[in-house]
Amino acid sequence: MVLSSVLGFPRIGKNREVKKAVEAYWAGKSSAEELQKVAAETRKWNWTSIKEQGVDLIPSGEFTLYDHVLDHSAAFNAIPPRYVGLGISDLDVYFAMGRGRQADGVDVPAAEMKKWFDSNYHYVVPELSEQTEFKLNYNKALNEYKEAKAAASPNFQPISLLPKLLPIYKQLLSELKAEGVTWVQIDEPHLVMDVAEQHAEHYTSAYTELVKDAPNLLVTTYFGRLGSNLSFAAKLPVAGLHIDLDREPKQLGDVLNAVKDTSLVLSLGLVSGRNIWKTDLTAAANLGRQAVETLGADRVIAATSSSLLHTPVTLASENKLTNQQKDWFSFALEKAGEVATLAAILSDSQDAAVAKKLEENKASIAQRRDFEHNSDDAVRKRVAAITSEQLQRKNPFPVRREAQKKHLSLPKFPTTTIGSFPQTKEIRQARAQLTKGAITEEQYEEFIKKEIDSVVKFQEDVGLDLLVHGEPERNDMVQYFGEQFQGFVFTQNGWVQSYGSRYVRPPIIVSDVSRPHPITVRWSSYAQSVTKKPMKGMLTGPVTILNWSFPRVDISRETQSKQLALALRDEVCDLEKAGIYAIQVDEPAIREGLPLRRVDWDNYLTWAVDSFRLATSGVEDSTQTHSHFCYSDFNDIFPSIQRLDADVISIEASKSDLKVLNAFQQFGYKNEIGPGVYDIHSPRVPGEQEIKDRIKAMLNLLPADLLFVNPDCGLKTRGWKETEASLKNLVAAARWAREEFA
């Protein structure tokens with residue numbers, strides 16, 4: 001019989017209960033015990049709900065209060081020395097590693113964060129060194145299984161620590177086996193990367209050790225294809241192997257040939273863990289039958305392609321989508337039902353209920369395909385008519401820079417922010433009141449004007465040079481634009497975890513995208529009207545809107561990106577016409593969208609960079625274009641960063657000890673750049689001297705005349721008290737730099 005499996009599930013709670021509980025604990029409004037109670041209730045709901053969908057293999061141990069990689073660092077004692085001996089609880093040490101801490105005499109920054117492969121999920125990077133001493137501080141996997149059952153030196157290479165780490169894993173696995181656990185899923189998404197081939201011997205030796213006193217081990221890959229790594233992955237001495245057939249269905253034949261003469265159970269990722277579209281059960285079953293025919297039903301598991309943490313919890317919470325729209329989609333709980341149905345189909349179930357579900361699914365998929373054929377011909381023709389001239393600024397950067405100096409009159413080491421200012425309780429309440437009809441559109445707009453007045457005055461008072469309007473009217477940097485474009489739909493409760501207690505509600509692209517009217521011009525123009533300092537217009541870039549939405553699967557990502565770029569190009573040109581001569585088009589997701597296999601990079605980078613240039617190249621030389629990037633390792637793609645040709649780029653750099661700037665020095669970056677001087681994801685306030693030291697360190701790598709001074713990212717999630725203190729220190733440090741390096 002074919003079994004069904006879910007690799008992981010959203011850990012946020014059906015109604016974001018975990019976020020609320022975690023933030024209440026941080027604010028001192030609830031105890032650790034109250035927080036853990038909410039966590040336990042959420043885990044129980046997850047397990048029960050998945051079981052009710054008919055899934056055979058239900059995951060435990062993947063729940064987290066902040067980040068699952070941070071959980072492993074804490075459990076395996078990979079705790080950096082700066083977090084040891086602080087005199088605070090283990091839970092507070094855990095959160096300090098994730099978000100920093102500045103309270104009760106403790107002042108430590110957060111650990112570095114990066115994106116999880118090519119997703120928008122952020123993980124806390126383990127800090128390992130030759131001095132790291134692994135031990136099992138607690139067995140999180142075992143504890144949650146019981147709960148479910150009842151309800152650097154220069155030459156240092158982290159892989160060299162493998163012999164020290166394996167005994168800890170063996171202890172963990174043996175304890176699970178002693179408790180009666182029969183299967184353990186071990187995620188190894190690294191196996192879809194090119195670099196994994198270098199570690200073939202490490203994989204083999206590690207799993208040879210791990211299986212000695214362990215339950216059946218299922219090695220899980222996702223987000224890509226095994227490719228050449230299949231040659232050793234198929235020979236690992238484990239009980240099962242999982243592959244992603246949503247992203248890479250063509251790998252099935254090679255995998256079947258590699259495992260057919262082994263005893264490996266093959267877990268098939270037939271239901272997408274990364275999108276929200278209803279699974280075509282007929283197509284998925286056809287793939288699954290190939291495996292059943294080759295291996296037999298007892299060696300096949302029908303599963304999600306990856307953990308479902310990247311999808312919303314359930315469609316049952318959506319009351320405003322039309323019946324037609326709801327019929328297109330499948331969220332985490334519905335996907336659990338899909339894998340159960342697929343397992344039944346592949347087991348040749350004669351159950352009439354299964355046959356009914358299959359027929360209903362066929363009808364739904366057919367109706368969606370019919371809708372997809374109704375394209376916007378004007379949009380398609382405009383994309384087809386894009387020319388190379390539309391991708392070029394009128395003159396090269398040195399010429400533009402001289403024009404911008406005269407036009408904007410910014411000082412040396414100009415100060416600015418990345419765009420958003422704190423989204424206060426009052427702002428959220430006003431937006432909610434407008435949605436409910438409790439206030440009129442006119443009342444809401446007056447409220448927004450007052451917020452902009454306040455933010456602009458604050459920036460003038462604190463002494464910032466290039467101002468922003470603060471974005472009080474925006475709910476989310478992607479959702480806001482999607483709501484103004486044609487071609488998107490939105491959920492009420494489609495929350496997905498980005499990191500810690502930061503959740504996002506990705507828009508869904510359902511048809512061709514266009515801009516029916518200007519989006520940001522009104523508020524940016526108003527903000528410019530109340531100050532003599534230059535105002536920066538704020539837009540989200542086409543690649544980021546695409547990567548942070550749930551895209552269509554019937555047309556290419558390239559086509560969708562260029563549709564978005566054309567819509568944004570119109571907005572950029574309208575901002576310039578309205579007197580906004582600095583325009584930021586953020587692309588924080590351009591690096592995360594990079595394919596995991598290097599052979600696929602060139603195609604992606606070509607259309608991604610072209611999309612940005614298409615959006616930004618329609619302005620005059622005197623208009624300064626900016627862009628912002630998040631958590632990006634630039635070395636491998638630096639020529640593409642240069643080809644963006646933004647006049648100014650800002651990057652998150654404070655958590656990486658400025659390592660990211662080495663690439664800018666190495667490749668001789670010639671445009672202006674603003675590396676973040678402090679981490680906005682942490683509530684701690686950086687001291688003035690701390691920022692001065694960071695500027696001095698930056699000047700060892702970058703020319704002084706190219707340096708902007710700004711925070712790491714937008715200030716939306718921060719409070720006003722810490723924002724005011726941090727920005728005052730930032731401006732003071734920049735003024736010092738002007739005198740020190742005049």
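Along the chain as shown, the residues are counted starting at 1.
Heads up, the Cβ atoms here are built off N, Cα and C, so glycines get one too.
If you check TrEMBL, you get these features:
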type	residues	note
BINDING	Lys19, Asn120, Trp548	5-methyltetrahydropteroyltri-L-glutamate binding site
BINDING	Ile418, Gly419, Ser420, Glu471, Asp586	L-methionine binding site
BINDING	Ile418, Gly419, Ser420, Asp586	L-homocysteine binding site
BINDING	His628, Cys630, Glu652, Cys713	Zn(2+) binding site
DOMAIN	4-151	domain 'Cobalamin-independent methionine synthase MetE N-terminal'
DOMAIN	154-287	domain 'Cobalamin-independent methionine synthase MetE N-terminal'
DOMAIN	413-735	domain 'Cobalamin-independent methionine synthase MetE C-terminal/archaeal'
Subject >> Residue counts (helix, strand, coil, in that order) that DSSP gives for the domain 'Cobalamin-independent methionine synthase MetE N-terminal' (4-151) >> reply: 63 helix, 15 strand, 70 coil
Subject >> Same-chain residues at least 6 apart in sequence whose Cβ lies under 8 Å from His628 (Zn(2+) binding site) >> reply: Ile418, Gly419, Gln584, Asp586, Glu587, Pro588, Ile649, Ser650, Ile651, Cys713
Subject >> Chain-internal residues near Ser420 (L-methionine binding site), provided their CB is under 8 angstroms and they sit 6+ positions away >> reply: Val468, Gly470, Glu471, Arg474, Met477, Met538, Gly714, Leu715, Lys716
**OP:** Measuring Cα to Cα, tell me the gap between Lys19 (5-methyltetrahydropteroyltri-L-glutamate binding site) and Cys630 (Zn(2+) binding site) in whole angstrom.
**Re:** 23
**OP:** Specify the count of other C-beta atoms within 10 Å of the C-beta of Trp548 (5-methyltetrahydropteroyltri-L-glutamate binding site).
**Re:** 24
Subject >> Glu652 (Zn(2+) binding site) and Trp548 (5-methyltetrahydropteroyltri-L-glutamate binding site), distance between Cα atoms, whole Å >> reply: 18
**OP:** Measuring Cα to Cα, tell me the gap between Cys630 (Zn(2+) binding site) and Asn120 (5-methyltetrahydropteroyltri-L-glutamate binding site) in whole angstrom.
**Re:** 10
Subject >> Cβ neighbour count within 10 Å of Asp586 (L-methionine binding site) >> reply: 25
Original post:
How long is the line from the C-alpha of Glu652 (Zn(2+) binding site) to the C-alpha of Asn120 (5-methyltetrahydropteroyltri-L-glutamate binding site), rounded to the nearest angstrom?
Top reply: 15
Original post:
Taking the Cβ of Ile418 (L-methionine binding site) as the centre, how many other Cβ atoms fall within a 10 Å radius?
Top reply: 25
Original post:
Helix, strand, coil residue numbers for the domain 'Cobalamin-independent methionine synthase MetE N-terminal' (154-287) per DSSP?
Top reply: 70 helix, 23 strand, 41 coil
